[in-house]
Amino acid sequence: MSETHLQDALDTLKTTGVRITPQRHAILEYLIQTMAHPTADEIYKALEGKFPNMSVATVYNNLRVFREVGLVKELTFGDASSRFDFVTNDHYHMICECCGKIVDFHYPGLDEIEHFASQVTGFDVHAHRLEIYGTCPSCKDVSAKVQ
Ligand SMILES: [Zn+2]
Ligand SMILES: [Zn+2]
């Protein structure tokens, strides 16, 4: 399944005229494999062994290119570093307030909110974002042991 995601992503780059460099290939592959919504820094650390000449700035620039062609979503959370998510179908985020872990979940039916919001405000709606905050299972375990 992640193989076809990667192939689709590479096709998208090709049709939009973006050059596929080995680094871009590796960053995409990493984003598709990981479920962790990494920061540019984390992507850099994961790949620096493979590409010793790559800098964090290069990773950022490549992520920006991916974002412009719609392959990657940038998630910003206040003043913390942006996290990056490979765009598949719509999903929402559960965020741990202890460790900052972000977990995807799918939930259908929230399109109704877009229609409703559009009707009551007269806006054209393009997107919405939903984040749910809590404590993840491993942080719950830790705090249970401490007590
Ligand atoms: Zn946690
Ligand atoms: Zn996600």
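Residue numbering: from 1, along the chain as shown.
A Cβ is built for glycine as well, from the same backbone N, Cα and C atoms used for every other residue.
Annotated features in TrEMBL:
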BINDING   C96, C99, C136, C139  Zn(2+) binding site
BINDING   H128  Fe cation binding site
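In sequence order, C96, C98, C99 are the residues of the chain that are 6 or more apart from C139 (Zn(2+) binding site) and have a CB within less than 8 Å of its CB. Checking the binding-site residues C99, H128, C136, C139 for a CB within less than 6 Å of any atom of ligand 1 leaves C99, C136, C139, listed in sequence order. If you take the C-beta of H128 (Fe cation binding site) and look for same-chain residues 6 or more apart in sequence within under 8 angstroms, you find L110, I113, E114, A117.
For the recorded site, H128 (Fe cation binding site), the DSSP three-state label reads coil. Of all the binding-site residues listed (C96, C99, C136), C99 has the fewest other CB atoms within 10 A of its CB.
Listed in chain order, the extra residues whose Cβ falls within 8 Å of the Cβ center of the Zn(2+) site residues C96, C99, C136, C139 are E97, C98, G100, K101, T135, P137, S138, K140.
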